[in-house]
């Protein structure tokens with residue numbers, strides 16, 4: 001019968017006319033229509049075709065249902081087809097497709113349903129397009145995808161949960177984009193990822209918070225990014241073995257930068273600006289460190305690192321650039337006594353470029369600073385400067401002035417730097433940012449003022465910097481949000497005011513911040529948020545209020561925020577949660593953080609309005625013994641119920657059933673009664689004596705079921721979920 005069916009299929013395919021100008025290989029079920037003038041997908045392709053190669057045509061648009069006539073396709077190649085748009089449902093009906101190549105086209109946007117129907121797809125290649133934005137949910141139907149290639153596009157930032165649905169993805173390729181901002185949850189929905197390629201982007205700092213979500217990743221490529229510094233415990237990736245930070249702009253690495261990545265074996269730091277490294281604390285698994293191409297200063301200051309290499313048995317690749325007597329010597333050949341310092345020799349600092357003849361009207365680098373003509377970066381970090389230096393090259397795009405005791409930033413402090421994009425003024429003891437301080441910085445996008453002593457700001461300080469989009473004021477001395485300070489910043493997207501001493505958020509504080517999308521206020525002392533405090537920020541997507549003194553959910557303040565997708569209330573002393581507290585943002589909220597609050601009671605109607613849109617919910621480390629009915633939270637990808645003392649009696653049976661159906665690791669354990677304390681809720685035996693036990697437990701092995709539990713119910717079963725009553729009080 002099998003042979004007859006095969007013969008019939010081949011006969012049917014042979015009987016189907018091959019469309020011009022294509023070539024059909026009926027025996028292998030392949031069709032090739034290469035480099036032709038096709039402007040639409042041929043509708044006469046044999047139905048049983050398995051592999052379809054359409055490279056080099058001119059389709060422009062792939063319409064909905066374009067391949068419905070070829071449902072047996074497993075491989076589809078659409079490279080160089082001038083495709084600009086994938087309509088929703090373009091690939092619907094291709095449930096057998098495992099390989100799709102859309103490289104070298106002109107696609108600019110991935111819509112939510114563009115890839116609908118490809119539930120067997122394993123490889124998706126989108127390299128070399130013009131993709132600037134990926135709508136949330138675009139990959140939601142690709143549950144079998146293992147490789148996603150987005151290289152050489154125009155991505156600037158990745159929002160949270162942008163890759164949701166890719167549960168088995170193993171390699172994500174994002175090289176050669178323009179990425180400079182990653183949402184903290186950008187990679188949260190990638191539990192199987194093993195390799196992440198982020199090289200050749202515009203990342204100015206190691207995105208530690210986003211990367212911490214990748215527990216299973218073993219290789220990370222971050223080379224060719226303008227990263228200047230790797231901070232303390234910057235990388236927390238439990239399984240990481242290979243880290244590539246080559247061809248960046250690194251000038252310094254903190255001693256414990258990799259302490260939270262204990263499996264790290266290979267560290268590639270080639271072609272940076274490092275004059276040395278400290279002993280790398282906590283990186284006990286390292287086997288090799290590559291430092292070739294760095295201006296290594298093999299003086300006494302490198303001895304601790306050299307001794308650590310020997311003690312930890314780490315192989316080092318690299319050669320001395322100075323002093324002259326050791327130039328060219330490999331690190332492995334050095335002996336400690338050879339690494340000497342003169343008595344007056346200062347600690348190592350980035351090498352000042354040699355004097356060059358000055359062309360008329362040109363600018364050199366200020367004395368004691370480093371200016372790179374290749375990367376357009378300037379750095380005077382930690383030079384004990386009292387005044388902001390001038391005369392940087394006019395094409396400077398990143399200026400690093402961290403750790404200098406400037407104390408004030410005077411008017412017109414940065415003359416002639418019209419191309420400057422990123423300005424770093426962290427840890428500069430700054431108390432005053434004078435009016436006009438940033439005047440002339442018409443291209444400035446990033447301003448970092450972290451770890452200073454600012455307590456107030458005037459709007460005039462930002463005069464002349466209208467493109468400023470990312471403002472970091474964390475770890476300063478603000479006791480209130482500087483009211484009206486942002487009215488000259490129409491493009492402000494992200495505002496960081498974490499770890500200050502702000503006591504309330506008042507009406508008018510955010511006046512003028514109409515484009516704000518991300519607001520970070522964690523680690524303050526906020527007790528009250530006025531109902532109209534957030535009214536100017538109608539585009540707000542992310543609101544982080546963790547670690548404050550709020551005693552209730554600020555429901556009134558959430559009204560008028562139609563785009564809010566993330567709300568973080570962790571570590572606030574909210575003990576009771578009343579009815580409909582999230583209703584104002586129920587239509588948009590996707591990520592909700594309610595952990596570590598000491599929460600004792602949640603009203604049965606607290607989550608009114610929330611439902612399928614919720615992607616992640618964090619409730620760990622609280623004190624309630626039950627939670628509300630969440631049976632309509634059908635879109636959950638992350639649910640954390642660890643360290644919640646659930647009372648595992650019959651009132652909790654609906655929750656137990658719901659958890660079983662989720663197919664998620666939620667960490668729920670019993671806190672009582674005593675005989676099951678510490679057991680997972682799923683494994684507790686206390687439910688076996690509950691009325692109705694066994695009705696929905698089909699397939700579970702349980703030899704101790706009572707007769708009462710095994711008797712069929714006399715009531716007519718409803719089609720509704722039995723999960724009502726999650727929040728009933730402890731009986």
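Glycine residues also receive a Cβ, built from the backbone N, Cα and C atoms like all the rest.
According to TrEMBL:
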- 345-356: compositional bias 'Pro residues' (COMPBIAS)
- 17-51: domain 'LRRNT' (DOMAIN)
- 294-342: domain 'LRRCT' (DOMAIN)
- 364-398: domain 'LRRNT' (DOMAIN)
- 645-691: domain 'LRRCT' (DOMAIN)
- 337-360: region 'Disordered' (REGION)
- 691-731: region 'Disordered' (REGION)
(message) Looking at the domain 'LRRNT' (364-398) alone, can you tell me the average pLDDT?
(response) 87
(request) May I ask for the residues of the chain that lie six or more residues beyond the domain 'LRRNT' (17-51) and have a Cβ under 8 Å from a Cβ within it? (result) 9-10, 57-60, 62, 66-67, 69-76
(message) Can you break down the domain 'LRRCT' (294-342) into helix, strand and coil residue counts using DSSP?
(response) 22 helix, 10 strand, 17 coil
(request) On the DSSP side of things, how many residues of the domain 'LRRNT' (364-398) fall into helix, strand and coil, could you say? (result) 0 helix, 7 strand, 28 coil
(message) Can you break down the domain 'LRRNT' (17-51) into helix, strand and coil residue counts using DSSP?
(response) 0 helix, 7 strand, 28 coil
